[in-house]
Amino acid sequence: MGSKTPEEQIPGGNGGPPSTGPSSSGGEPRGTHLSRDGDGSLGDHGDDDDADEDDVSSRPLRADVEEKKKKKRPKKKKKPAAAKEQSSPPRVPLSDLFPLGEYPAGEDLVYDRVPQPDANTARTTTAELRYQSRKHLEDPALLNDYRKAAEVHRQVRHWVQEAVKPGWTLLDIATGIEDGVRSLLANQGIEPGDNLRSGMGFPTGLCLNHETAHYTPNPGQRDVVLQHGDVMKVDYGVQVNGWIVDSAFTMSFDPTYDNLLAAARDATNSGIKAAGIDVRICDVSAEIQEAMESYEVEIRGKTYPVKAVRNICAHDIKRYRIHGGKSIPFIRNNDQTKMEEGEIFAIETFGTTGRGKLYDDIGVYGYGLLHDAPAQVRLPFASANRLCKTIKEQFGSIVFCRRYLDRLGLDRYLAGLNCLVSHGVLESYAPLADIKGSYTSQFEHTILLRESSKEIVSRGSDY
């Protein structure tokens, strides 16, 4: 889920000083090991020279009975237990597929260079103090939560890539994704607190063509049907105990747009490769733009250079907060802010054949509690107070959409939502689009900046 650049803000504002020099320019397939019982083999008795030994009539009766007892019937071959596999659509809980509760790690990349901290004479630097507060990133339980969320994302998107075809409505696709996520997590998210334990990290984004980010089908909107010539961005998050995996990909059914998709995929991988401890934001941005703008795409006989989108950014992630505060633009900038050990980033990129600057489109994608919202606020409507209580119990600071309120059985909530937005309790997110007639693409991964390597936790065999 992209972080929108504030209006009129020059990229380079993560709190870092301006640059004084030039910028330097994703589990193995699972099955269960099946065991079989071998046939009991008695073998052949050796011959004996004593002929009397072979004469059955000369044996005592008791010995004959004992001989019968010794004979064993051949064991029946046991049928191998059926290997547990994910269904289509995905509905088998992950706990059934991973009975030990251990989930596959993402791709592990060693840092290109050893981080060199700035020289200072303080006994404990502010960076070290910040890291101490993020030491939990090496906690096995946290890592397993992240890997579980990533495995859910991989299995659900595998179904999307295999099953979704032109003719599907965006509502059917979004519902299929979200039903799959909830089924794999074995949590339908109905009771208070359920959605805080696990569930969607934010509403499923399904953006066609010039629509670039933050669109999801909501109640009252017309059905949008996927066409063969559409370019669809699929962006959704999965969270376990508040740790959000944010990953996105682009689908098209016409090879005309292959280069547009390749540009965003390459730019995202370039950003991931450049990212690391003590790496400056401006250096990651430069690598992203260089990769993105090395591509062009021919559409209906006209060649378009692929541009990096200017006013939406990659971002860090905090617990229960999809946008943590740091931003990584897709264009060169002077931001000297450093990435730090223990941080979590959603490295994403958007490419476009349009202007490269997005505008707010009509409608509302979703809502989220502002992290600095007042704890107590006087609202003019009792319904708004009840709605606020429900949102805090069900979602906390996780972004949600109106479809999610419908699932909970709420109605007549629009006035309450508008009231909460106007009183600074909720933030609303608008769809973002480039000029009509243009096409955009997106790819995204979540990475963990661990002590000795970066883990691309959402990496799969697909991208």
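Positions of Cβ are set from backbone N, Cα and C atoms, glycine also.
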Residue in GLU427, GLU444, GLU451 which Swiss-Prot records at the divalent metal cation 1 site where ASP235, ASP246 also bind:
GLU444
Which residue of HIS158, HIS210, HIS315 does Swiss-Prot report at the same divalent metal cation 2 site as ASP246, GLU348, GLU444?
HIS315
Additional residues around divalent metal cation 2, ordered along the sequence, whose Cβ is within 8 Å of the centroid of ASP246, HIS315, GLU348, GLU444:
MET1, GLY2, SER3, ASP235, SER247, ALA248, ALA314, PHE345, ALA346, ILE347, HIS445, THR446
By a simple count, how many Cβ atoms lie within 10 Å of the Cβ of GLU348 (divalent metal cation 2 binding site), its own Cβ left out?
29
Just to be sure I understand the packing, how many Cβ atoms besides its own are within 10 Å of the Cβ of HIS315 (divalent metal cation 2 binding site)?
25
Nearest to GLU444 (divalent metal cation 1 binding site) by Cα distance: which of the binding-site residues HIS214, HIS315, HIS323 is it?
HIS315
What's the most sparsely packed of the binding-site residues HIS214, HIS323, counting other C-beta atoms within 10 A?
HIS323
Taking Cα-Cα distance, which of the binding-site residues ASP235, HIS315, GLU348 are within 10 Å of HIS323 (substrate binding site)?
HIS315
Neighbours of ASP235, ASP246, GLU444 excl. site residues, C-beta within 8 Å of centre, divalent metal cation 1:
MET1, GLY2, GLY205, TYR236, GLY237, SER247, ALA248, ALA346, GLU348, GLN442, THR446
